[in-house]
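S.K.: Please see the structure below; I have some questions.
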């Protein structure tokens, strides 16, 4: 028993460390973007999208990282039925917004690089209303999609015929009927595949752009490279890193989640690993921008 308590304590500390790091990183970026917006400083077109991304990341960590940490530390039944519905709904919405916002970010960057629509894109990105509207649609889409899922969430129960209790340990959900499960699965599968497909297409376009840019640079002197071209190349690399991180963590998390649901009595460490992986992108993605965006470092140095 002492060994089991020691293991649970280790997992709890690990989840707590990851949760704290993720909240700190995302909150730092959130403060920076909001301060830049409030003080009417010059905003880049993608700053509004990044502001939404770090907000969604924070909500994912708060709605899953904190409850999973408490469950790993041995705290049982700390959420009633209403609390489970709110936490689970918030997590599903924020997770979906993270997916669509990452897709939106890669799409905007790809559009900026495409010469055939550069004039149209210049007009669009100069109007913040266009980006705000796209961000608003992301929230509306996932707020509506996840309403049906919340109806089946309950507090923790002793019933063994529970599917969600395997995944979350603090909330439960009875196994859905075959028809209802199939309908929900198709809806979420179509949505995810659509965003994944757009990300793959835009990422492929950006990789081709970087390849062609590298070929052009080999034939000209470095001093002739314009600062604008350098910035676009650097921004494209950062967004490609972000998209690669998202695809990797999301694919691994989905695989582990499916594996757990197929096991009658999943091993506790498998559930803990699934939690760590599912929080990987929201935790580590803000540090990509913190260490790559010189504006952020100058901002905190000035503070």
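Placement of Cβ uses the backbone N, Cα and C atoms for every residue, glycine included.
Remember, TrEMBL labels are computer predictions, not curated facts.
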S.K.: Under TrEMBL, which of the candidate ranges 231-249, 250-268 is annotated transmembrane segment?
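M.R.: The listed stretch tagged transmembrane segment in TrEMBL is 231-249.
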S.K.: Which of these ranges is annotated transmembrane segment in TrEMBL: 109-129, 130-150?
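M.R.: The range carrying the transmembrane segment annotation in TrEMBL is 130-150.
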S.K.: According to TrEMBL, which stretch among 154-176, 269-291 corresponds to the feature transmembrane segment?
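M.R.: That would be 269-291, per the transmembrane segment entry in TrEMBL.
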S.K.: Compare 12-35, 130-150, 185-211, 231-249 by their Cβ pairs under 8 Å to the transmembrane segment (269-291) and return the stretch that comes out on top.
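M.R.: It is 12-35 that shares the most Cβ pairs under 8 Å with the transmembrane segment (269-291).
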S.K.: Compute the average pLDDT of the predicted model within the domain 'G-protein coupled receptors family 1 profile' (25-289).
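M.R.: Residues in the domain 'G-protein coupled receptors family 1 profile' (25-289) carry a mean pLDDT of 79 in this prediction.
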S.K.: What else in the chain is close to the transmembrane segment (185-211), if you only count residues 6 or more beyond its ends and a Cβ gap under 8 Å?
M.R.: 96, 99-100, 102-103, 106-107, 109-110, 113-114, 141, 145, 233, 236-237, 239-240, 243-244, 246-247
S.K.: Could you pull out which residues elsewhere in the chain have a CB under 8 Å from any CB of the transmembrane segment (12-35), counting only those six or more residues past its ends?
M.R.: 47, 50-51, 54-55, 57-58, 61-62, 65-66, 68-69, 72-74, 272, 275-276, 279, 282-284, 286-287, 289-290, 295-296, 299-300
